[in-house]
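Features reported for this protein in Swiss-Prot:
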- D44: active site, proton acceptor (ACT_SITE)
- D44, G45, H49, N114, E115, D144, A152, S155, A156, Y157, N158, L159, S160, Q216: NAD(+) binding site (BINDING)
Amino acid sequence: MNINKIALIYNQNSKHLAIIEEIKKLYNYCKIEEAEAIIVIGGDGALLHNIHRYMHLNIPFYGVNLGNLGFLMNPLDTKNLSQNIHESTVSILNPLLMQAEDISGQIYTALAINEVSIFRKTNQAAKFRIDVNGIERMSELVADGALIATPAGSSAYNLSAGGPILPLESNMLCLTPICSFRPRRWHGALLLASATIQFKILNTNKRPVNATADFQEFNNITNVTVKSTTDTPIKLLFNKNHTLEDRIIKEQFGG
């Protein structure tokens, strides 16, 4: 990939400043608004926050992992960083578009790269109805909550909640309950990425529910509608021998 203008984002309070200084010497970095790609140094959280902040620029992101898991990141390799970027492969992620309404009628709209989730706000389990493409599919789910995950996000919170990992090119979404109480044996559903999913919260006064789109949280929600959108494609760069698809496969075999 022919990339000449690169911007660099990092946490100035990072404990890895010595490594960051090495990376800073590799390029004559430009302003973010002038960049053809953005390098983000940190972990998955730093990458997600900066994707949300700069996705409107429609340029690719290359993550360098200095965090823990770093599922969406590339391993630290300062010696070959320039070569790795220019030989990198591109993965296109289509985020989820969430529209949520709270008890006052306020409407919120947000994008999620990993997942949209709803969850109980108090000690009482949440109760909600699930519609898919305008058709009621479950009249009442009693659970701590539920989430809808993209393929890229299926190995994160979704996997911890018992949901399956989706191949990146599967064109599907995971609908996964969080600690389902009734129906107790329901483990969720796989849906086409073209599906529109709606959660209708029941007993909102006694059983309040919050909703999140990645790290953005909204309180006292009564309705949540979620669908995948191709209007804002996100481009992630990965080393040619360390692609996101490979990581998703390895994760399923304990890698």
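Any Cβ shown, glycine's included, is placed from N, Cα and C.
Taking Cβ-Cβ distances under 8 Å and a sequence separation of 6 or more, S160 (NAD(+) binding site) has no neighbours in its chain. The Cβ of A156 (NAD(+) binding site) lies under 8 Å from the Cβ of D44, F71, N114, E115, A149, each on the same chain and at least six residues away in sequence.
According to DSSP, N158 (NAD(+) binding site) is assigned to a helical segment. Least crowded of the recorded positions (D44, E115), judged by neighbouring Cβ atoms within 10 Å of its own Cβ: D44.
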